[in-house]
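J.: Can you read through this structure? Questions will come right after.
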Amino acid sequence: MAEDGGGGWFPPMDLFRSEPMHLVQLIIPIESVHLTISYLGDIGLIQFKDLNADKSPFQRTYASQIKRCGEMARKLRFFKDQMSKAGTTWSLKPNILADIHLDDVELRLGELEAELIEINTNNEKLQRSYNELTEYKLVLIKAGEFFKAAQSSATAKQREFSSNKLPPESLTIPLLKDDESENDLSKQVKLGFLTGLVPKEKAMAFERILFRATRGNVFLRQAPLEEPVVDPTSGQKVQKNVFAVFFCGERVKSKVVKISDAFGANRYPFAEDLAKQSQILKEVSGRISELKMTIHAGLLHQGTLLQKIGEQHEHWNQVVRKEKAIYHILNMLSIDVTKKCLVAEGWSPVYATKRIRHALRKAAIDSSSQVGSIFRVLHTKKLPPTFFRTNKFTQSFQTIVDAYGVARYQEANPGVYTVVTFPFLFAVMFGDWGHGICLLLATLYLISKEKKFYGQKLGDIVEMTFGGRYVILLMSLFSIYTGLIYNEFFSVPFELFGPSAYACRDDSCRDATTIGLIKVRDTYPFGVDPVWHGTRSELPFLNSLKMKMSILIGVAQMNLGIILSFVNALYFRNSLNIWFQFIPQMIFLNGLFGYLSLLIIAKWYTGSKADLYHIMIYMFLSPTDDLGENQLFNNQKTIQIGLLLLSLIAVPWMLFPKPFILKSQHNLRHGDIDEYELLEDIDDSLHGEANVDSEGDHEFEFSEVFVHQLIHTIEFVLGAVSNTASYLRLWALSLAHLELSAVFYEKVLLLAWGYDNVVILIIGIVVFIFATVGVLLVMETLSAFLHALRLHWVEFQNKFYGGNGHQFRPFSFQLLSNEDEST
């Protein structure tokens, strides 16, 4: 199914059945084949067949070209990712430029990718160096504080000993003097140290492992950094601690190095001399400033390059996608034995023949081909794809039908009736003209922003709502209409079309029953009289009205479904379905439930108090009994008996004749013939059972056909009852909607209004608004939508709609999406 590009409004007959389709063959000279496929993609009216289905993608003629296009698409995705990371905006509309050849695009993309990769590599190296120097600077500052603190502590102790008049050398005299070690320098102990940074989350574990591995023969100092730093390896901001480990001996040093590497610690050199520390810190600070300027210049260069890419990105993207799509189609064509032509086959609408021929002639002229392309119509018995011309209004309704199943070619399309019946059934359940106005305003906003939102990524829920904006538009309009009929505005009745026709005879009837009401004026001109709202009787008039309306609507829609099955049978010249499906189904359905609908209308017209439940029950149990006060019209009992007998006859009428007639026709047709075709009269749904294989198997499985017909008969008989009952959901959901709306109005808004407090009133109004929007305008809308969907798919469409066709999917550049890049 395709959407008409002009967006015009088509009459219903454009949707009633699929466009006439035919299988065409194109013989295209090899020198003009590329341009021909391009022009055909522009008009988008041919669905090509794969004539090389037996070949793998790598064995096809243009596999290398598709690989090239895939590589270019990868480069374009790389550019898009880089622009997204850099925050560079790019044009979503392609610049209007002269046509560019694919080879030029490939060359340009290769150059830009190489340049961008080189810039990124240099920037990464510079950034890594910058991050390392930043960490080194922090280590120099923090570790320097360690050494300064230690020196200050030693100086303080020196002063303390001096005040106690100890000799100055006493601090350096060991407790046990070893003359040999004094003379042998190799036996003197010298402390070493390592400095660096370790992630803060690993600092405690790092300390414990060091202690255990060295048996406590190390001294560790740590200091946390105030701000997270960028790790040179990962490029992520991490909270770290600066550490200094003091140890003795090379073996211990080796262990410390391995443990620090295992914990992802970055080690940096550190000088003991304070003067040298200051010099290194100054040098590192200078290098950081230089790197900062260099990185800034590199980012400016990268931004300029990405800006240039962004200006042409969409144009290149379209060129690559089109070329890739063209080569996909070329791989589906077969090469002529002369290897001078390519042969294409595909389905196209009959009305598109003139445009296709024009595209072929134009391609031959523009490619300077000496031989034109040949267009031929092929005759085939294969089932064509289904194609409905839709516009932005009818597209969403057709999508609802296609979600159930695509119509078989030339099958009656439920989408025509769905345009009216779907929003109407929704409105029967949702009817409230106040809520309908709220839905209408929201829908009008979406329609007013149509050009802005079209083609944008809006999120799943918003995008789904925007796609169905015209469905919601009709749903809201029908809800306003049914709300006026129900006389409900946020569950409150209004005297919009005049005062009520009824009044109380005395004060005793005001809040009790309807007995005391008398008619004092003309009948309320439109919709339900306001006086019938509330609980004036055991079964309020409004609820009774909605329940009976549900039955009338259900029976009417099911009759429409059976009539459409007759239309299908008449169109396909299926006489068996007319005589043994349509007629008995109409008799059975209307003999019971059509008669019930007649009784409802007669009771409304006459004002009788007849009990319809009693009439329908005893129509089966005691059809000959006198009706008494339940009689609504003359000869009612005779009519009931006749309808009951016809309904009982309709069941074997549906079941028995058809299998025997099929068997008789089979014997007559294939008694003395070796090869045959199925009769056009045979029901399409029986092809799987009654059909024979293509090799000429003449067996007719009567038992399978009979069982199949038995299943269909039982399904219809039981379905007539269950489907009619299913339409009572229209009444149930309408009642639920009314009750919920009344609860929010009475228990929230009116209750808050009763308090003489502005704060409580404001809270009540806010709660009422949120409850109305969240429950009634969102949840109830979704609930009514799903129930209307079920009534269409199950109760309506199963009467006539097979939905076993396949959709027309033409080769069109307009239908190309971004997902094509990854295929």
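Think of each number as a place in line: the chain as shown, counted from 1.
Every residue gets a Cβ built from N, Cα and C, even glycine.
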J.: Need the matching range: TrEMBL marks coiled coil on one of 46-73, 102-129, 298-325, 522-549, and I'd like to know which.
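T.: That would be 102-129, the stretch labelled coiled coil in TrEMBL.
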J.: Examine the ranges 468-486, 715-733 and name the one recorded by TrEMBL as transmembrane segment.
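T.: Based on what TrEMBL states, transmembrane segment spans 468-486.
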J.: If contact means at least 3 Cβ pairs within less than 8 Å, sequence distance 6 or more, would you call the transmembrane segment (549-571) and the transmembrane segment (468-486) in contact?
T.: no
J.: Sort out the residues at least 6 away from either end of the transmembrane segment (424-447), same chain, that have Cβ-Cβ distances under 8 Å to it, and list them.
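T.: 453, 465-466, 469-470, 472-473, 475-486, 488-491, 546, 549-550, 553, 729-730, 733-734, 737-738, 741, 772-773, 776-777, 780-781, 784-785, 787-788, 791-792.
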J.: Which bits of the chain, at least 6 residues beyond where the transmembrane segment (583-605) starts or stops, bring a Cβ under 8 A of a Cβ in it?
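T.: Beyond its ends, the transmembrane segment (583-605) has Cβ neighbours at 548, 551-552, 554-556, 558-559, 562, 565, 612, 615-616, 632-633, 639-640, 643-644, 646-647, 649-651, 653-654, 716-717, 720, 724, 799.
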